[in-house]
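S.K.: The structure is given below, and queries will be raised subsequently.
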Amino acid sequence: MRPPKAIVSVPLERKDGLALEELSDNIDAVNALNASLIKKEKGLYDESEFDKEKDKSRFRQYELACEKVKQFYLEQHEKQTVAYNIKARNDFRAKTRAHMGIWDAIEKLNTLIDDSDPDTSLTQIEHLLQAAEAIRRDGKPRWMQLTGLIHDLGKLLYFFDAQGQWDVVGDTFPVGCAFDDRIIYTSESFKKNPDYGHEIYGTKYGIYSPGAYMELMDEHDKDMLEAVRAFNPYDLYSKNDDIPNAEELKPYYLELIDEFFPQKIIRW
């Protein structure tokens, strides 16, 4: 919603045309400033600007990734099964893992080095701030800047009874149906998975039905999908930007956190 135009109240000491003209000019100046601020904040679906000059082919080069990344995906593709996913969902619902604020959670996450990422060796807080700052530079709404800051906090599950990074991080894929050839390393990495070649889970549709995902989507789901697509460039292509200074940026993002998380402490 566009904010209303400013109303400027100025006491008139001279009841003449010059005073009225001066008042009108002042109001026009305030409204022009207001309009420029509105224009500066871009919409969610406006195309990202920060990455236009970047060579996208340099990112997500899994075939050229280091051995650590390849070993991570071999383990993930072997162990992510239908049975494990059912267990993980039940475990997640059964307990609260921690109580802490957003910035505390970010600092805890900062001790994790993501073995699945071929694009960066930055710390977690540096990547989160890179994404948030790219969104901010593009003039996107404050709530979207916050999304950039917190988008990887699900990785905190690694610190709470995770069996390894393979069950928390990395590219995702559906289980319960045949593994798609578009999944990275597919040709070599799923053969040790117990669901590989399964009489049900190994078929094209498996436990699903044709069009199951899209058929179940309502208008809200479609909007959310577009929002994710609008966000993706800031996650994927901000990783070779300059390293942000966390201490310098912290006050701005603490204010942003307080704006959207007034309860301070979150149940994780």
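Easy rule for this one: first residue shown is 1, then count along the chain.
Using the three backbone atoms N, Cα and C, a Cβ is placed for every residue, glycine included.
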S.K.: According to TrEMBL, H151, D152, D235 bind Fe cation; identify which of H127, H198 is listed for that same site.
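M.R.: So the Fe cation site in TrEMBL includes H151, D152, D235 plus, from the candidates H127, H198, H127.
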S.K.: Determine, for the Fe cation site, the additional residues of the same chain whose CB lies within 8 Å of the mean position of the CB atoms of H127, H151, D152, D235; present them in sequence order.
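M.R.: Going along the sequence, the neighbours come out as L128, A131, G148.
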S.K.: Enter the number of other CB atoms within 10 angstroms of the CB of D235 (Fe cation binding site).
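M.R.: Taking every protein chain into account, the count is 19.
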S.K.: Please list residues from the chain of D152 (Fe cation binding site) whose Cβ is under 8 angstroms from its Cβ, counting only those at least six apart in sequence.
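M.R.: When sequence neighbours closer than 6 are ignored, D152 (Fe cation binding site) has L109, Q124, H127, L128 within Cβ distance under 8 Å.
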S.K.: For H127, H151, listed as binding-site residues, tell me which one has the smallest number of other Cβ atoms within 10 Å.
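M.R.: If we count Cβ atoms within 10 Å for the binding-site residues H127, H151, the smallest count is at H151.
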